[in-house]
Ligand SMILES: Nc1ncnc2c1ncn2[C@@H]1O[C@H](COP(=O)(O)OP(=O)(O)OP(=O)(O)O)[C@@H](O)[C@H]1O
Ligand SMILES: [Mg+2]
């Protein structure tokens, strides 16, 4: 086991490494301020105004319920997507026939733009939270599907044979061979799906008026209130950063620590809609 | 599966008996890989399997270790604890070198402290430092990985050692060093060993019995015993012996195919 001191040092390292990120964020705020001075409040409100507005909205009790609403929908859709994508992926990994059946479907689903799903889900579920959950689910499931399939398919490989040769008990086989193997396949995909789920959730809310952060953005747009719109965008960005740096990155270090210090290796998967 | 096929675990009284491979045939799909192959190896001796690439050496080794059942024939030996060094090192990427060495100990009734003490000892045995022990496989060189795989096999204190080209990733200097190390360990523990190799000189340096396999489907093309004690085999002896073996037409023919393919 890793001694406590090393862990503490690692945690400090991580926090200290945050200065780089903070510096780059502050630089962005400076650019924002410059843009504001060049184009005026109607196009780009100043950071100060925006943060003040955000503060006021928070005090009014409008931000937190919206975050909870969006978070709940995004998380429900994400969990559903991971479950569906993971299970179907596992099936496809176990049986060649299932893979031949499911792989094209998954590719097709990946190819459908998220916005198309938004339109469909609005037609099917109206302006309810269900539309958001559904959209997030169908966009995140195919992301997980391929990795789960590949993970399960490659389980039965050389390492399993090695474990059999050394006659280790089943518990060790599952815990030391299967689980890390699956995690190394699934984790990047699940992280991508989680980041994706926020963005898709906000987008769906915006178009459906189903409440949450996206609804706030839509209202700001109707009122042509750029300050409010920017404040809502700040909320989304803050949530994304929090999920990335407080949840995913520490987990990634813990789970995929053995990939550390690979020269030129990209442990993070490209994200995006 | 025919009832004649079995991996026999003979009684301890017959411990002096060694490995017996009797008329083994096997096929993957329609193409036979082994056809009626018979080999014996007395306990505490080193047998070398040499033959052209793809002739079925790794397949035969898997049968000896009980990982694969032959379609026909019989593999019998009294050994309870075989250990493999695979052709590809097969290390767990998510365990550091020490963790990999200790992996096989999971099958034995041992406490954690005993396990890690033994892993530490074996790091030293194969010439790795404590720092190397903290490294993950992808941070190790090919030769270091091979040594970790060897240490993992030795850690379980096997009575049968199955080595599949364990030195092929090493440069000449390190290869000679590792050969000497394995030779010493084998002699010290009286380990029955089967070593697969492509290199006749290596076979002459290591083996009590050299079994030359024919191209696929493999059968025994020739067999040579080397009487000289391992410690006394110097370079001159090895060279002369390689020449003598290649003078045997069956051996030369089986190994010449390798040069062509
Ligand atoms: N699991 C398998 N399924 C199908 N064919 C296999 C399998 N394992 C081995 N073979 C085939 O059996 C033959 C013998 O393979 P094997 O690995 O035993 O050769 P080898 O003598 O060890 O070769 P090399 O010296 O290159 O390692 C090869 O032609 C290979 O294609
Ligand atoms: Mg082989």
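All residue numbers here begin at 1 and follow the chain in the order shown.
Here the Cβ of each residue, glycine as well, is placed from N, Cα and C on the backbone.
What TrEMBL records for A:67-245 is domain 'ABC transmembrane type-1'.
Taken from TrEMBL, the feature transmembrane segment applies to A:12-32 (among others).
Counting only same-chain residues 6+ beyond the ends of the transmembrane segment (A:74-94), those with a CB under 8 A from a CB of the stretch are 101-103, 106, 132-153, 155, 186, 190, 193-194, 197-198, 200-201. Annotation comment: TrEMBL describes A:74-94 (among others) as transmembrane segment.
Sequence annotations record features per position, and here TrEMBL assigns transmembrane segment to A:101-125 (among others).
Listed as Cβ neighbours of the transmembrane segment (A:131-152) (distance under 8 Å, sequence separation of 6 or more from its ends, same chain) are residues 70, 73-74, 76-78, 80-82, 84-90, 92-94, 99, 102-103, 106-107, 109-110, 114, 117-118, 121-122, 124-125, 181-182, 184-186, 188-190, 192-194, 196-197, 200-201, 203-205, 208, 210, 212. TrEMBL lists A:131-152 (among others) with the feature transmembrane segment.
The transmembrane segment annotation in TrEMBL covers A:173-198 (among others). Long-range contacts of the transmembrane segment (A:173-198) within the same chain, counting only residues at least 6 positions beyond its ends with a Cβ under 8 Å from a Cβ of the stretch, are 70, 74-75, 77-78, 81-82, 85-86, 136, 139-140, 143-144, 146-148, 150-152, 154-155, 159-160, 163, 236, 239-240, 243-244, 248, 251-252, 255-256, 259, 267-269, 271-273.
Positions annotated as transmembrane segment by TrEMBL: A:229-248 (among others).
Packing against the transmembrane segment (A:12-32) from elsewhere in the chain are residues 44, 46-47, 245, 249-250, 253: each is 6 or more residues past its ends and has a CB under 8 Å from a CB in it. Residues 88, 91-92, 131-132, 134-135, 138-139, 141-143, 145-146, 149, 200, 203-204, 207-208, 273 of the same chain lie 6+ residues outside the transmembrane segment (A:101-125) yet bring a C-beta within less than 8 angstroms of a C-beta in it.
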